[in-house]
Amino acid sequence: MEPVGGGGGGGASSAAERYRAEAARAFQHYLDRAAPHTAGRWAGTLLAAAVYALRVYYVQGFYVVSYGLGIYLLNLLIGFLSPMVDPELEALDQAGPALPTRGNDEFKPFIRRLPEFKFWYAITKAFCVAFVMTFFSVFDVPVFWPILLCYWIVLFVLTMKRQILHMVKYKYVPFSMGKQKYGGKKGPSSSGSKD
């Protein structure tokens, strides 16, 4: 007995689903393999950005796409520089943990709202999507690009100023420069003399 609304299309649908699942699994496998190679991943992203910039320069258009890309990248940067839990909200709610403010406070590492891998992946995907958009003339809206560039620079400066003031106010640094070195104990060789 055949199901209602049924036909012979179930096999093709399940084959397409299998193919899609297999492609997604393979893509995730390559993403997982790329995770520890930070420098290589960012080099690939810079290459994608350069290809996009050359495409926009070559066609002399798609400035609105570039402006939207710039705003999106600024939004990602703010997420990358921000802590997972906003210290401003913690200050209002003193019941929760806070960033250490004195030397005897417990050390709490900086945890980003947007981790580096997700930051990289979102940026790379954004450049790829913007590159594909440059092949469709519907996205080539004629605008005077210097105005967009000036407006983006003003947004960037004001946003970064606000973010830096937030960092200074709540005493957090979103970057680590490797393992910290401590003075520790001095050895006995520096205090005593040998005969």
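The backbone N, Cα and C atoms fix where each Cβ goes, and this holds for glycine too.
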Where TrEMBL places transmembrane segment among the ranges 45-63, 64-82: 64-82
Long-range neighbours of the transmembrane segment (64-82), counting only residues six or more past its ends (CB under 8 A): 52, 56, 112-114, 116, 119, 122-123, 126-127, 130, 133-134, 139-141, 143, 145, 148, 151-152, 155-156, 159, 163, 167, 174
